[in-house]
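**Student:** Pulled these from TrEMBL:
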ACT_SITE  181  active site, proton acceptor
BINDING   45, 46, 84, 112  3-methyl-2-oxobutanoate binding site
BINDING   45, 84, 114  Mg(2+) binding site
Ligand code: KIV
Ligand code: NA
């Protein structure tokens, strides 16, 4: 299959075809996901939790992400490769350019940054320098200490309105993709309609243009706890390949996530 690009993902949104994405951290799993129809792979800073066993993502370094990006890149033919920029690696445009360079050189096709208005200038500079950007709004885990825990975001009307404005601002600044994490489905719908770029949801209902999950959750290997919005596909499918195929199929049909895994 041909390499999936940002313009392919945009076309998918325009055609109403859903985008299936998973996190990946190594060549073997990345290859399995790539061969079974996953369109985009994220080297998430969730690796701080699922690989390093920490309680949050804050200790992950740019080198950690670069290393795992090289691993993923080695296993991938088609999927778009997105690398997370870790906590404090993009606190100003200059730092963001330097760290994004390392991730792109490691094999990323796009970088992902958490936040709204404060990132507009950084995103402008990244895209002008040839670095495609994915935004991330809602429950942005790098701000867990500001939020006072991993909590649903955008529940009150003012915050929801602000998030829609930030989504539009990220798009204007040059972002080509947008992750929406743990927000009410009505807000996810409003944002998805307000921007032309594809939205990828996690805990945002089935109204976004695509879905992303942490691979450990769909394969049932997250230590004991699985978030309400996620789904253990290995329980249903029995094999890893079957789990990936079923995830992709349910994303494409809109079956995933069902109302029980959606916030209202
Ligand atoms: O780090 C990560 O895995 C993520 C996704 C859950 C969106 O940012
Ligand atoms: Na992340």
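The chain as shown is numbered from 1 upward.
Glycine is treated like the rest: Cβ placed from N, Cα and C.
Give me the lay of the land around each of these features.
**Tutor:** Within its own chain, residue 181 (active site, proton acceptor) has 136, 137, 138, 139, 140, 141, 153, 201, 202, 203, 204 as residues 6 or more apart in sequence whose C-beta sits under 8 angstroms from its own. Look at residue 181 (active site, proton acceptor): DSSP puts it in a strand.
If you draw a 10 Å sphere around the CB of residue 84 (3-methyl-2-oxobutanoate binding site), it holds 32 other CB atoms from the protein chains shown.
Within 10 Å of the C-beta atom of residue 114 (Mg(2+) binding site) sit 23 other C-beta atoms, taking all shown protein chains into account.
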**Student:** For the binding-site residues listed here (45, 46, 112), which one has the lowest count of neighbouring CB atoms within 10 Å of its own CB?
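**Tutor:** Counting other Cβ atoms within 10 Å of each of the binding-site residues 45, 46, 112, the minimum falls on 46.
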**Student:** Compute the centroid of the Cβ atoms of 45, 84, 114, then list the same-chain residues not in that set whose Cβ lies within 8 Å of it, in sequence order, for the Mg(2+) site.
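**Tutor:** For the Mg(2+) site, the extra neighbours are 44, 46, 57, 60, 85, 86, 87, 112, 113, 136, 140, 141, 142.
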**Student:** Based on a Cβ-to-ligand 2 distance below 6 Å, what subset of the recorded positions 45, 84, 114, 181 would you report?
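**Tutor:** With ligand 2 as the reference and 6 Å as the Cβ limit, the list reads 45, 84.
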**Student:** Compute the C-alpha separation of residue 45 (3-methyl-2-oxobutanoate binding site) from residue 114 (Mg(2+) binding site), stating it in Å without decimals.
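**Tutor:** Distance (Cα to Cα, whole Å): 11 Å.
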